[in-house]
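Step one of this worksheet: look at the structure below.
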Amino acid sequence: MEEEEAEVYDGVRAQFPLTFGKQSKSQTPLEKIHNTTIRKAPPTSAANAEAQSTSFPSLSSSSKAGLDSLRPSPKSSSNPTLSPGPPPAQSTGSNSFVAHVSIGPPRPQARDVDEEEDGEVMVGPPRPPPGLADDDDDDEDGVMIGPLRPPAPADSDEEDLLYRIPTSNEIVLGGHSKVVSALAVDHTGSRVLSGSYDYSVRMYDFQGMNSRLQSFRQLEPFEGHQVRNLSWSPSADRFLCVSGSAQAKIYDRDGLTLGEFVKGDMYIRDLKNTKGHISGLTCGEWHPQAKETILTSSEDGSLRIWDVNDFKSQKQVIKPKLARPGRVPVTTCAWDREGKRIAGGIGDGSIQIWSLKPGWGSRPDVFVEKGHSEDITCLKFSSDGQILLSRSFDCSLKVWDLRQMKEALKVFENLPNNYAQTNIAFSPDEQLFLTGTSFERESKTGGVLCFYNRAKLELVSRVGISPTFSVVRCAWHPKLNQIFATAGDKSQGGTHVLYDPTLSERGALVCVASAPRKKSLDDFEVQPVIHNPHALPLFRDQPSRKRQREKTLKDPLKSHKPELPMTGPGFGGRVGVSKGSLLTQYLLKQGGMIKETWMEEDPREAILKYADAAEKDPKYIAPAYAQTQPDPVFAKSDSEDEEK
């Protein structure tokens, strides 16, 4: 009987799923989550409406040309009786002949035989399957109705994907109280560092962060100094922090300080004899391949190469070439991809490049005297070592050919720049490069990311980041396929992360989908009060001394309270203001030595007035000398000697 009941139970249990009767948590679909982070189109003016309606901010120029050709011709759209429709995916060739000519939407796809037997007659030969239509059919005498198929190359789909910019969704990593001036994303794309003018560095972890987008650690490298640059090591186990002070710091991956480089002696004139920088740092980067070498530049007019294992002194000091002797700050520095060349932007607008070869010195191999008219904020090498990009305060971005540095290949102007940390970044395939612009009150564009085509040297797209903030730093991570842009002003700052759910991977997709854990009753903890009467005096609760302090303040001796001036007649050994605040003045007034008119009298006459009285009744000086000098001895006149 028990076996039969068990079989019956198993049969009935098999009809229900295993999760029957269990309460499962409702999960929000990813589509709804990403819909909340879709970028909203900024309000546009009437003048720019037409220009923006025909622009493709997420496609290249070649893709734009292909999509423009897919639109219906103006002649067909001008006919009010015709309804424009989507263009055909394949060229119909000779198969476009039908019993009645129809201009407008394409013919629907071929139907099944069962549907054709219902009474609907299909006129003309059936449409060939996709891919079998021969291109030679277009050259026949038949008339083709509708727009022509665009001349698409074989790799058109691949080209569209390469030029596709992931800007459909956006999240903001906030927390800073001023503009974010430094940005670093590790090579794996899991951790993000952001430094700001509020003197702090925030660390974000995409894997451990939820949709609240809060940083897991905050650092303050140097009190009162702005953070100017951050750079990860090649192994991503340490990072370099460059601030406005003269000493750079090294931190590990979790934000613990490993050391800081020494500061040089500011009283030594020759910079090569100092052990470190003597003025504030401007930029710094880790070597792209050697994990023990870093490069820094400073306002003292030098570049220095350091060994991470030796914080006491640098390995090499580089003094740039100057037109006149003096100290001109080095505003930025950069490595090439292999770490064999160093580029420096000098405060006089010159660009200098050094090749790291045996016996190299401070003399630059490439010297562009007037690269920019103002300070250079960023230099960027291409991975193939053929192109150098430069960004400056003169609101321009220049493209240089490293094989011919006499003149720039292209100059992009009207790019406002108000921050010394505004940089340039390449796309993962380096077919595009991008930079940010600063907000200006005169123009209403705000902070914008500008994308340029490297091959054609033309503007591809402009993506608005903020209408009131300036865009300073930008980066396009190759593994995540996400764009990072820092922005802010004097009161607020954050890092904008642009991504596309269909193109991007991990990164922002992970933390957006991770909802914050809801608080439950189990999370409530009562803070216990521990009473320990035998604790050490250091940890003992101090009794309240409020009454003792009040009593001390009332005691004039203990509180060292100064004496107040007398307002009336004197008492207790003190003289009132009316009689004179000092005892000497009081005595002289009582003795008649001081009169009210003594300021108006001649001093000589006032003294001689008492000469007769002093001889008859000596009172002060004569009695003092009565025994030692009864007869006064006066000095003889030297008038006779002077006359001779």
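Using the three backbone atoms N, Cα and C, a Cβ is placed for every residue, glycine included.
If you check TrEMBL, you get these features:
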- 53-70: compositional bias 'Low complexity' (COMPBIAS)
- 133-142: compositional bias 'Acidic residues' (COMPBIAS)
- 550-563: compositional bias 'Basic and acidic residues' (COMPBIAS)
- 1-158: region 'Disordered' (REGION)
- 536-571: region 'Disordered' (REGION)
- 622-644: region 'Disordered' (REGION)
- 173-214: repeat 'WD' (REPEAT)
- 274-316: repeat 'WD' (REPEAT)
- 369-410: repeat 'WD' (REPEAT)
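Counting residues 6+ beyond its ends, the repeat 'WD' (369-410) has Cβ neighbours under 8 Å at 323, 331-338, 341, 343-347, 349-351, 353, 416-426, 430, 433, 435, 452, 454, 457 in the same chain.
Helix, strand and coil content of the repeat 'WD' (369-410), in residues and according to DSSP, is 0 helix, 19 strand, 23 coil. Helix, strand and coil counts from DSSP across the repeat 'WD' (274-316) read 0 helix, 18 strand, 25 coil. Residue counts for the repeat 'WD' (173-214) under DSSP, helix first, then strand, then coil, are 0 helix, 21 strand, 21 coil. Among residues of the same chain six or more beyond the repeat 'WD' (173-214), those with a C-beta under 8 A of the stretch's C-beta atoms are 220-232, 234, 236, 239, 241-243, 253, 255, 419, 421, 469-470, 472-475, 477, 479-480, 482, 484, 486-497, 506-508, 510-517. The repeat 'WD' (369-410) scores a mean pLDDT of 92 in the predicted structure. Sorting the compositional bias 'Basic and acidic residues' (550-563) by DSSP state (H, G, I as helix; E, B as strand; all else coil) yields 5 helix, 0 strand, 9 coil.
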